[in-house]
Amino acid sequence: MALYSPLLVLLATLPTLFFPFTLAISSTGLCSAPPDHDSTLHILPTYSPCSPLQPSTPPSRFLDTLLFLSNRDVSRFSYLSSLLAAAPTSHRSFVPIASGRNLLQSSTYVARASLGTPPQPLLVALDISSDAAWFPCSSCSGCTSSSAFFSPNRSSSFLSLPCNSPQCTQLPNRSCPAKTCTFNLTYGAASISSALSQDSLSLAADSINSYTFGCVVSASGGSIPPQGLLGLGRGPLSFLSQTKNLYFSTFSYCLPGFRSPNFAGTLRLGPSGQPKRIRTTPLLSNPHRPSLYYVNMTAIRVGRKRLLIPPAALAFNPSTGAGTIFDSGTMFTRLVSPAYTAVRDEFRRRVNSPVTSLGGFDTCYNGSVVLPTITFEFDGMNMTLSEENTVIHSSSGTLSCLAMASAPDNVNSVLNVIASMQQQNHRVVFDLPNGRVGVSREPCTS
């Protein structure tokens, strides 16, 4: 694939998928983040001056930034494609989350977490399309020098799990050298080998004892989230499954704009504190991709016009993987070719101004233009995108581009992905017990 071929080819390698959620603390002391409380985490954009994960030489030009983020989406989309294959008292936790730096095959947002006894702080990528948690351990071979390593020998509560443990049987690609359960996975372009382990995991004010995760012992072929990753998917070893007696398999998030300077976004864990009045759509299940959050998108509107899109372009089909998912690790929404073409053509017709292109963005405008809204229609709810969710603006404000693209023909042309930019400043609720996803407008960008 050429370097800029569809620039927006979604960054998908699900167990590789990244919800680059990044929680960051400024080392300059010029930026302050509100403390985590209850079960809510605050989130910060990668390129914010407050982000500790900002590259040492962050892209200075609008085009460089877009290419950087778009290239990450390419790996993300590939990962998604690879996935074809009596209760306690209600509890809640509010965790600040921030937009993470542009990590290859990583998540978009991260959260502060601690692992072990005494606790060792980590910045973990939050990925709603992945299940298992994994953290680079101090003995990791091939992990990047910038990785924040977890040291098992410094934790009194650390435990290696044997091959006959129930958790080991739930893993794909597992093996048992020296009677210790190990497993392999791919995350974007990276190959990762981990030892199945348990220790105490802390988020906000909550501590989860005997949390099962992968202690990464080797990595090759590409970069991985240096802080580690916490999977918020729907599988048996996901965070939701391991904490279902605490959070009832329910969570929501509000993602701030990726340039937001503060930890404005939040991850809410548990049914308590979730929006009381919110429209929802049924959550669909795909046995071939059990971790993904599929929903039924029925139509798309540009302005007030409902577009003529072949039903097959939006239909859910478990056997082929077709349908629509919400994903936190993909930056820009991808639509199957017939759907994107219909959106793009009507968008251009409404703007009625000379069109230019920028990298993989094929619908850009110079100067001031009046932009139409775009609405995704689902069973039971609509999601109307404002200008901040629809277009990317240059820092000078003279160039604006439709922040969507067509699903790449050579990866997975049947999957629609509602990505993080289109979700920004919305509260997105995932309620697994009731089988539903809800979306409502909630500004959380400072």
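Cβ from N, Cα, C; glycine included.
TrEMBL lists Asp127 (among others) with the feature active site. Within 10 Å of the C-beta of Asp127 (active site) we count 35 further C-beta atoms, all protein chains included.
Marked as active site by TrEMBL: Asp327 (among others). All protein chains shown were included, and the count of other CB atoms within 10 Å of the CB of Asp327 (active site) stands at 31.
Summarising the annotation, TrEMBL assigns domain 'Peptidase A1' to 109-440.
As annotated by TrEMBL, signal peptide applies to 1-24.
In this structure, the CA atom of Asp327 (active site) is 8 Å away from the CA atom of Asp127 (active site).
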